[in-house]
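A quick write-up on the structure given underneath.
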């Protein structure tokens, strides 16, 4: 009986072993996924070679065009529909990256924006954004997914698809691709074995040294670029594949969050939220009242005593812009954490309007200072960028006021406006335009 019981348990165990899921499940994908998994190896190598060009900006600009063509070709073969938002972000990416090879006023900042927009654009094209495949209030998380999360979490998807392509052939012994696969697998082993054997035998070490000298330094530079390029290709393919198949894209959680009106974060009593808003607003009113003569003198072209134009413009300008950004974060937290949603909370609607109006007033004083400085000393690139940034902040807080009366896509429109303004600064030769603008210096 014990033997029979043991036999049954063994048989049951074998059945369980057969039913266990494999360590690496087969990834979903059609033939185009397999083809582009291989193409992205080449794309990664090309990316690294472009970035290693003597003219970095020109290389990055060239690769951006190649990347756009590759992703659009993939999307076309996968039958993704063309939408207005996809066209918009494609134009934005082109506008940021193409002129970068010829001129730039942002330098490092524009480089970061190219990578960020390219990652975000990939999710737009593949419909991998969190909320209905569109730009939404989840843009920060979408950007995180495109630039960091998906490339890392889906890093192995490329190599797994390539392996699946090889394994789908039944006649493995007669398939030349199996030979190629064996060569690729042997490379890491050789990199470990050869140095050990070189230390064990002088003759073998001299042979290895002779081979290395014959190959030359350029060969090893090429190998290094190839390795880095393959890694970059895997990261880029991780974003592409993750966007298409929603792999590690928590779209369901986002939809559930919207259906519940963000209930999980609504834990602060309404009275506490309104009290916080009233205190902040009262401080702004007090500040404006005490500094009224100083703050608003620029509206009338009056320079306060003991100030130069430069001192007057710089003192408080950047602080007021920071205050505007802080107020935007305050509004976000207040509306996201209040127990009663904004549409059902008249007190919160009123406080939003007050804080938005006070912010616009502070921005107006900052703009008057900057305008007075520009009239006195003319435009420069930095003053032009500051002016555009102020215009965008004005637009955002005007939308905030409209949002209290009408349910508009506030974040979506704000992001679109910011993207357009930034792209215009990249497209137009700002330095030359500034030189063309005449001004009369103030004595």
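Keep in mind that glycine also has a Cβ here, set from the backbone N, Cα and C atoms.
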For the record in TrEMBL, which of the ranges 87-106, 247-266 is the transmembrane segment one? 87-106
With contact taken as 3 or more Cβ pairs under 8 angstroms (pairs 6 or more apart in sequence), are the transmembrane segment (385-403) and the transmembrane segment (271-296) in contact? no
Answer yes if the transmembrane segment (271-296) and the transmembrane segment (87-106) have at least three CB pairs under 8 Å among residue pairs 6 or more apart in sequence, and no otherwise. no
Other same-chain positions with a Cβ less than 8 Å from the transmembrane segment (113-131) and lying at least 6 residues past its termini are 60, 64, 67, 71-72, 75, 80, 85-86, 89-90, 92-93, 96-97, 100, 106, 137-139, 141-143, 145-147, 150-151, 239-240, 242-244, 246, 249-251, 254-255, 258, 419, 422
